[in-house]
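Here's the structure we're looking at; comments come further down.
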């Protein structure tokens, strides 16, 4: 269960504002007769009085907004026949919390729809909720509510999916809801639904509201905040005893129980005729022989249990599995019994429980169902006992008894005959079906109820073996997968001797693989054989269970006539709209009156029906006892032995009794279309589309503009909420007047400075002092600052920024007429552009008091220092080719197809004094890099001793810089740093490989140096030999360098 999102303070606030229920307790003391002595004195130690507490519950005005003009009357739809019991229950259900217990098929959904309709009229904004435990029941109520009462479909919502998508918006905008109790409970605890908004709650299958089921938890949560709401509980049987009825009344705050039976005076005239036939089936000779043999085998164990006082004395054939299980649980829970005695008694009772199950199966269901259970238990115990995994000698005396072996042999011989019927019920079942389909038309339907899946499949096979094409059976069970029997081979392989040698282990593994493959092949072959049989789908369902889709498909085929006999377990007893059924056959019976009544309520709804009850062994007495308990329960309820809870009237007290307004409800075309639907999923799908305004639930139809309503968090006043980025926490500087000039210059170089202030005015950037300081530290001569030629260009799309930046090295840049710096005025208007071009020597003017530069500037496409590559440093004798200076070609005409129209921003101005500029045109060979003395310090202090390949320190590179194109070396460095920042594995592997090669070269170089120094100490006669040896070593080194070239040609 989820925790509630409300804190204690919010809970108290909701409680105080929402609860209009007041409880007044009065303490009354009453005197008791006392014993007196001879002097008429009261004998001490006696209670002279007792205290009686009287509780009076009152309710204040409701907090719901009511439509005052509609409170004087309530509407009762006349679209169907007006029945007295329905009319009476609706009238009482509008003013009290009612538990409506009437037989199945008598219109409980109509009663609920009428109550929901009137509370929809009486209130303005309150919520009406219908809850049911299953989807089919919800679909039935949707049809009844929208297709009968005419409640607007745009005010209704269906909440069945587990997703919480748009749940808050649906609860806020709709008024009538059809859902399951789990959904409502979870949304209440999450704070999505306000419990004060609920004015009417309908609970279907209310007999489930016991213990910790969702119904009980849901009502308990609502009662904490809201007592002014109407609750209507629907069921066919409230409980099996008076204690269960009282628990349901307490959990649901019931004020009145309206119970009807098929014999009630106001309901009997609306009931269709039901003929009940009781058939007592005698056990066969084969069954009696097996029961007698089981009794002989279990008699020693039963006598020992009787002597120990843990089981009652009885004939072996009367052992009851349920009693044995209860006594075994009581022994386990008793801490006073010593452990040895406790477990001995437990295993004895467990064995009696297993024998009781065997006797029940063979007496009620037949030899086939009995033998599947019996064989599984015998195989499980004997396998474990033979391997030493069980030491229960008491159970061994039973399972290794000669009678058990005789039973196994006899049952195997009987089951081999395909025409063998394991019980007399199967023969009588055949006769009933043959006679029924002979006397009735083929449109008739039959349902057969049984508790066990094995029995259901046996019945299907028995009917199919009749080879009557007019009788088409199919199984109908739940979703759970069938229980697999004991796997003897798997258990032996797991717990048997495995061997200690490697050959034994490999042999065992090979055998396991072979056996698994054989098992898969056998399962596949068996599945193929099942599909070829008429009962193949039923056999597959019995093994793997039936999901909701398969269940819906079977019901659809049953209604259409493809199947006319449905063999159901308990899943077909409650809530499902299976259709009109003319014959019900109860293959077995239960001690629960709820199940028996639910079974018999499947027929006789719209036409007469017939019920066949098959009894064997003690089933007849068990059925009579359960029905007697049900009738006695009705008497106890009618005698007011149940303590009810007072409920709020909700309506103002001046409206003593609203008048009934019988009215024919006009149903819209959409609601009429809903009435014609039979499939549950179609009903739910149609109702969901109506809830959304007939808009299909597609991605395009969703409203993405509305922001999702988030949770409310309580925080101090004026606190900053939301996510704050690190960039917003940094105070940005817009001028160099109040801060360091170095930071401002870095911003200029990195092109991340804003030229305009908050008012849109252009700031004058004065960076003379910082530029002079940096230029003075250089070892090279200073140069004149040149004005920049700048063009304005539209900002590209965000998605194309990276692609354009990558292609900047190959783009053709349009040349504009250059502009010289005019020093007659301090300001000059310059056009802006992403692409920056250097001024040529012919068009640039010198800045006064500036020295000329002795070093040529770099070409426009080379932003960086011309240093020898790694290959050149390894081969110093090879001189790199000098690249001629590329002079920009001045285009006399502007090509509009190459470059867009240029616009000039005259408002952008810059201060151009000595040593200051925004974008530089001349770059020095070492500008932005370490100086010689700094490099020497770096190599001596921070460079590894064994490093032969080093990377020069470089400034911060901006890959998306569009004004100056990077050189090839710079592009490689940028790519390297990006790979290192993203921790790319390929780059790390490549760098490690290069590092290993470099270290190898360094080691070879040192060894060669040592050999050369030793050779210099030799005589001069060996100098020629030393020179030749040196040449050979250099050739070897050149060979290694040639191998390294392929690696160095790559991008690091």
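Placement of Cβ uses the backbone N, Cα and C atoms for every residue, glycine included.
Keep in mind that what you see is a predicted model, and the values were worked out from it rather than measured.
Per Swiss-Prot, these features apply:
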DOMAIN    89-256  domain 'Helicase ATP-binding'
BINDING   102, 103, 104, 105, 106, 107, 108, 109  ATP binding site
MOTIF     204-207  motif 'DEAH box'
DOMAIN    432-649  domain 'Helicase C-terminal'
REGION    495-550  region 'Disordered'
COMPBIAS  503-532  compositional bias 'Basic and acidic residues'
REGION    798-832  region 'Disordered'
REGION    869-898  region 'Disordered'
REGION    1002-1052  region 'Disordered'
COMPBIAS  1029-1040  compositional bias 'Basic and acidic residues'
COMPBIAS  1043-1052  compositional bias 'Acidic residues'
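Structure with Swiss-Prot features highlighted.
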residue	record	contacts (Cβ under 8 Å, 6+ apart)
102	ATP binding site	85, 89, 108, 236, 258, 259, 260, 267
103	ATP binding site	236, 260, 261, 262, 267, 271, 597, 601
104	ATP binding site	236, 597, 598, 601, 602, 605
105	ATP binding site	601, 604, 605
106	ATP binding site	85, 260, 267, 270, 271
107	ATP binding site	80, 83, 86
109	ATP binding site	140, 141, 144, 234
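Listed in sequence order, the residues 236 complete the 8 Å Cβ shell around the ATP site centroid, once 102, 103, 104, 105, 106, 107, 108, 109 themselves are left out.
Within the motif 'DEAH box' (204-207), the DSSP-based counts of helix, strand and coil residues read 2 helix, 0 strand, 2 coil. When secondary structure is read from DSSP and collapsed to three states, residue 102 (ATP binding site) falls in the coil class.
In the predicted model, residues of the domain 'Helicase C-terminal' (432-649) average a pLDDT of 84. If you draw a 10 Å sphere around the CB of residue 108 (ATP binding site), it holds 25 other CB atoms from the protein chains shown. DSSP assigns residue 107 (ATP binding site) to coil, not to a helix or a strand. For the region 'Disordered' (495-550), the number of residues in each DSSP class (helix H, G, I; strand E, B; coil) is 43 helix, 0 strand, 13 coil.
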